[in-house]
Amino acid sequence: MLPNAAGLLVAGVVSLSGVAAHGHVSKIFLDGQEYGGWIADVYPYMPEPPETIGWPTNVTDNGFVSPDRFSSPEIICHRGGVPSAISAPVSAGGTVELEWSTWPESHHGPVLNYLAKVDGDFSDIGPSTLQFFKFDETGLVSGSNPGYWGTDVMLANGRRYSMMIPSTIAPGKYVLRHELVALQNVGAAQLYPQCINIEVTSNTTGGDVNPGGTPATELYSPADPGFLFNIYEQYDSYPIPGQDVFRD
């Protein structure tokens, strides 16, 4: 149990964090097993925060990465993102479900998910060396002005977004990069990347594919149409940013 002083500190931080408009991944479910995420508006204030499979950050305001920071380390795993030393298993072809602490209904946009293979220990990762490939995305689902988006799917599912790990990738250590994009301010997209350490275990198919990838700092350009998109107009399609999705 926390000492009284530390408990009061955390209680105060939680109270203050309620005013923050955005969120973070607070719970992680790998093949149905629950793990805690990095509580970005609480753990940085604790002298000894718990270890999590979610990467620690200093995003105490639950804020975003703006397009002018696309080539900076902030876009990799958010501001102050550093590798966690621990991980958790999920099977190839298995399910990952990520729960957000909160998310504004007005913040419509796509959800993008990437993986990067890790050689060596997680704690020794150089974030800029990670090569990400996209394996899941949900952009515009239906409608327009503003339409129904990947973020709306997440909200409708109790702030949870589900994805499937490709069944053919090689087993081993990976960083999962999960990202929400908010388009409510036209021409000023907001990105919310979150990183999680997973260890993919082999399944009966015995997959051994290594898709390669791209550094996160090279995934996007501020001029990409998907970041300049006006969600308050009539439209019937949306150009999702980033790579094509890797398919089994």
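Cβ atoms are placed via backbone N, Cα and C, with glycine included.
Listed in Swiss-Prot for this protein:
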- HIS22, HIS107, TYR192: Cu(2+) binding site (BINDING)
- GLN190: O2 binding site (BINDING)
- CYS77-CYS195: disulfide bond (DISULFID)
- ASN58: N-linked glycosylation site (CARBOHYD)
- ASN203: N-linked glycosylation site (CARBOHYD)
- 1-21: signal peptide (SIGNAL)
Nearest recorded site to HIS22 (Cu(2+) binding site) by CA-CA distance, among recorded positions ASN58, CYS77, GLN190, CYS195: GLN190
Protein Cβ atoms within 10 Å of ASN58 (N-linked glycosylation site), excluding its own: 13
HIS22 (Cu(2+) binding site) CB neighbourhood, other CB atoms within 10 A: 21
Conformational class of HIS107 (Cu(2+) binding site) under the three-state DSSP mapping: coil
Cβ-Cβ neighbours of CYS195 (disulfide bond) (radius 10 Å): 30
The residue listed as 'O2 binding site' and CYS77 (disulfide bond), distance between Cα atoms, whole Å: 14
